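Participant: Supplied in structure tokens, the structure appears directly below.
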Amino acid sequence: MGILLVDDHPMIRLGLAHFLGEGLNGLPVREAGSGEEALQQVQEELPGLVIMDFDLPGISGLETTRRLRQRLPQLRVLFFSEHTELGLVRQALDAGACGFLSKAAAPAVVLEAVRRVLAGHAYIEQPLATQLACQPHPGQGGGNARLQGLTQREIEVFLMLAKGTPTRLIAQQLCISAKTVSNYLTLLKSKLQVSSHAELVHLAIEAGLLRIAA
């Protein structure tokens, strides 16, 4: 199973398809220019991942995602959009998306996100995930209230740990030592009143930052 790109701009589809094909060792990449075309293509051949834009002619990317997930709950959708307002990010996740990227994301981040979502994980671009953690979600439980007591760096470490990022990679990406990451983990468990990594993941899901894999 390959990837289906859903975007109404042919040049964006062409460039992204070429980039992903090279970066993912020739994984097949198909294209759709509208929500209706995406629904038809998925019906004909199930992809491993749908990369979705918000703005589409006809039915929107959000509505397309809802329809796809209603028909195929196991289908994984990653939003790739120039619109990064937190309300829209939450709408995408509520519609069933497994991740969200801005079109301004670095190429390496795009590849990482696609690989992680294909592997069954959730992925929200780091700046967006941090903003989501800091802003309460109407109707959510107490997850966000606890997170608001964290510093910016603690939120970054928390989100990376919750997404399953190895300690070594967290240290590299944040330019700190592995020992410092371990210290942050101990501090986070104390501040958030959890005792295990599984509870950290549960808290991230409760706060609306991660979705349970379908």
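Placement of Cβ uses the backbone N, Cα and C atoms for every residue, glycine included.
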Participant: In Swiss-Prot, which of 47-66, 67-86, 147-166, 167-186 is labelled DNA-binding region?
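Facilitator: Based on what Swiss-Prot states, DNA-binding region spans 167-186.
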Participant: Can you break down the domain 'HTH luxR-type' (143-208) into helix, strand and coil residue counts using DSSP?
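Facilitator: For that range the per-state counts are 49 helix, 0 strand, 17 coil.
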